[in-house]
Structures are given as C-alpha cells and as structure tokens.
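Read through the structure below, which is laid out as structure tokens, and then see the notes.
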Amino acid sequence: MSTSKYIDDAQEILAANGDYSNLSDKDVYVPSIQVDRTNVYFISHANDDKHLVVYETGSTTGDFDAVESAEVGEGTGKKLLVTELTKVNNDALSKRFPWLKPISRHGYKYTFGLGDRLGNASNAHLRLFKGRGIFPILGQQSIRELLLTDRTELDVVQSAAWAIFEEGWTEGWGADGDHVKEPYEVEYAVESGCTMITLDATKKIHNEIADLTDEELDAKFNALDDDYVKYFTDTYLDKTFDLGDGAEVHFTKKDMEQSVLIFFDAVLYGEYIYHRFIEPNSLDFEISMDETIVPTTPANHYFFGNELNVRGITPETLAPKFYGEFQKAIDYIGDLDRFEREYKIHQAISKHFGYRVSIHSGSDKLSVYPIVHKLDDGTGWHVKTAGTNWLEAMRVIAKVDPELMKEMYSYAYNNLQDVKPFYVFTADKDNSPKPETITDDNVMSLLTDDNPRQIIHTMYGNLLTYQESFRYVFRDRFFDTLKKHQDQYDDYLNRHIAEHIDLLQGKSASRDEVRAKYEPK
Ligand code: ZN
C-alpha cells in the first residue's frame, strides 16, 4: 500500500506553504499540486504510471472512484485516496476546480489548436504556452483521425483534461470537434464535451460550378426562383463593399453567380447546424471550407460572411481555403505576395462581420506566419496544427530506435497507395528515398525532407493499426518506446510548436531564423 507514503506527502505539502522545492518524494509531480484549505490533490508518477492522489475531508470523498483508500486518523477527519485517471474522477475533480472543464474561446483574440493524435502531447504543449497569451484548444480531432487511431472523442477530451490538471493550467482551454460534417457527428462531439464545433460544409459546397462556362453559369443562376435572383442581384451585382484600411471587395456578375451557386447551400447548412446545436449548447462555431477544391476568393468569403450576418449568425472563426497550397506537414506552396494581399482582405472581412480568420493545416507553414503577424491589426487569429506531433514522435523513434524507424518507413513507402485518395500531397514512391537506402546515418532525413516526411505523416493510421497474425506490428513497440523517452518527445514537441508561435507573435522574423533557433539537438 502506498497510502501511508502519500499521507506523508500530503502533510508535507500542507506544511510547505507553497514552496515545494524540497519535497522529499520525487514521485509527486509538483506542477499538479493543488491545495484547497486543508485538502490536497496531486498526480503521482510512481512506477511509470500516473495516479491522482486525493487528501480530503472524509465526508466529501464519495465522488471519487478510488483504487486504494485509507483513513488518515489522528482527529484530522481526512481520507487519502489513490485513483485512476478516469472520467468519473476527472468530473469529481472539476467540481472542486472548475478550470478543468473546457470553455468557450469567445473573447480571446489569439487561439491555437493542438490536435494530439496520440494523446500524450498536451503536457509539453501547456508548458510551452505558459505566459504566451494564447488560448489553447487541446482536444481537436476529426472523425477521420479518431477512426485511424482507434480513439474516441471522449478519450481525446479526457486526455487533455488530465493534462490540464497535471500541469496546473488554470487559464482556460477549449476542445474542438474538428471537421465534423454530419449532424450525428456534431452531436457526438457535443456529447463528448467539445466546446467548439468546426463544421466542415464540404458536402454543401458545389465545387463543380467553378468549371462552368460563363453562359452555363448565367443560365444556372437565372434558373433560380425569381425572389432569389432579385435579392442576390440587388445585394451584390457590381457592388463594392468598403472594409476600411484600403480593403474592399467588389462583385462582378461572375463573382456573384459563383458565390451563390457554390456557397449558398453551405450558408443554409451552417444556419441549420447553428440553430440545432450551436445556439442551444452555447458552443463556439467555426465553419471550414479549407478541404474543398476551389479557393475561397475574397468575394466568396464576403458573400458567406454577409449571408450568415443577415441570418443573425456570427461564427467565432471561419476557415477559408486560402490561395496557394496548404499541404499537410510541409511549408506553404504558392505566391506569398498574393497570399499576403488576399489574407489582408480575408482578415478585413472577418473583422467587419465580427469573427476571426482560422488557418487550417497550419503545421509547418512557417513562411506564412511572419505575414500573419505583420498584418495582425488586433483582430487576432485561430491557427490549427495537428498530426505533426506524430512526426515529432517518429523523430524520437528515429533517434532512439533507428531499426524500428526503418521498418516503419519501409511499410509506409510500400503501402502509400492506401492513403492517396484521402490527402492532397506530392510525395510519391518515385520522388522519395527507397527504404533500402536508409541507414543509421541518414535516418533523420526521413523527417526533414519533404517527400518522405509526407509519406510518414499521411500513413500514421495505417502504421498504428497494421496487424499480422492478429497482432499489431508497430503499435505496441512504438508506444513503449515513446513512453520510455517522453522527455525527448516533449523536447521535440516544444521546439516544433515554438517555431510556429514565435513567428506568429513576432518573436522571430523568418522561417530560417526560427529553424536555427529551435533546431533539435
Ligand atoms: Zn481543416
């Protein structure tokens, strides 16, 4: 029984009066310590496992589900509990510490999404975000990501909530049901505790309209009911909308017709989801169009924002598909000057309608962040990164177990066709190193060169779930190695995300500068 040891720990914590530098038991994770009058709570890291330890007045401990418990005695009226990190215990804890529950991002200017596919990156992220003035969205998974990793939304939100307690993060956090498309997916995210919904309106965005000739477009527009044709024409045709600071949006006939025929259906879908889920549950609303085919022009964006506004809907954020390519896990591909011109207008449109721009697939887009920082006029932004945590985890594998890395790369390389339909990316067998050419000396290049990096990035689900003879081939070895080297993983994660936020906050000026600053050791 470890209860007597923990009773001593709790009493030592009470006596220490806030200074825990000389705490005798090194298993007590100091950032997690919470003292509430004469009650004490902390996370213990004994034997490579994490437990919640509760030292509390005996009459209230019934909320917790303990694996071990003992009366403290000596007239204290206290009980000592050791519990697993379960939902029941997290709920009990959050009654005592309300900051454990995810909350709305509303009112925060700078918010940052940190999808944690493996469920063990949030602690490192929170340590990095201390004092940065950026609100973290820790739980952030799409349904596709859940399927590929055999996880559930509840599991994602819970992993994050426990990290919040462990790191003593009292400044607020959010949970994002990312890229949910169908009403049942939205409902699932809400039921799992998400405070933010990112509605992916792809199914209602009619990309095929972009391929029509001007005559076909015109005919299709004029085939709409007369009241619609009149309303849209009166509102948009040949109109210029002044957004201040030299930003304006003008609608030609083609701009108007395309905006209506490509996006109006999605506006109506957003309105439906808003009234059914967002408003009744007081959720943060984001609408994303980044995973569609056609870029969102400033006119398209203005149209979308205005039509939501007409319906009394102000999302918290909206994610346009920006000009250029935001491929997964590599830097931006495209004309940065044009990105800058259009981003400025996208931001002005958002500001005009009272929301912020959201940048998706934000991992590694280091050459656009100095622009985002430069153009920020206090409107703020939301940036989503995800998935590249997985690449930092693979960096750990490459460093401490190059043989496993080589095996995993070889599998990914040879089975790349499995993921080609799901992602837009340029990496291919032809432009990536053959597995037999990878040695201990060049194994790290798999994570720094764009093509093999994309292969490993996009194959994460296949790698984690691949089985032979009913047994996982990589999963258990991968997680065991990562757990043993969590400190190395945390270090890599911090360097990686620090590159992003330093550029966004203007603490570094360029991609090269920030890369040099945080180059992994
Ligand atoms: Zn997205």
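Just so you know, glycine gets a Cβ as well, placed from its N, Cα and C.
The shown structure was predicted, so the numbers you read here are calculated from the model rather than taken from an experiment.
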Given that TrEMBL annotates K328, H360 as divalent metal cation-binding, name the residue from H179, H496, H500 that shares the site.
H179
Compute the mean position of the Cβ atoms of H179, K328, H360, which form the recorded divalent metal cation site, and then list in sequence order the other residues of that chain whose Cβ is within 8 Å of it.
S142, D178, S288, D290, E291, F326, S361, K384, A386
For the binding-site residues H179, K328, H360, which one has the sparsest Cβ surroundings, going by other Cβ atoms within 10 Å?
K328
Spatial neighbours, same chain, of D178 (active site, proton acceptor) - Cβ under 8 Å, 6+ residues apart
G113, G115, Q140, Q141, S142, E145, T198, K384, A386
E286 (active site, proton donor) versus K328 (divalent metal cation binding site) - Cα distance in angstrom
20
Determine the recorded positions, out of D178, E286, K328, lying near ligand 1 in the sense that the CB is under 6 Å from one of its atoms, and give them in sequence order.
none
Taking only the Cα atoms, work out how far H360 (divalent metal cation binding site) lies from E286 (active site, proton donor), in Å, as a whole number.
11
Distance from H179 (divalent metal cation binding site) back to E286 (active site, proton donor), taken between C-alpha atoms, in Å:
9
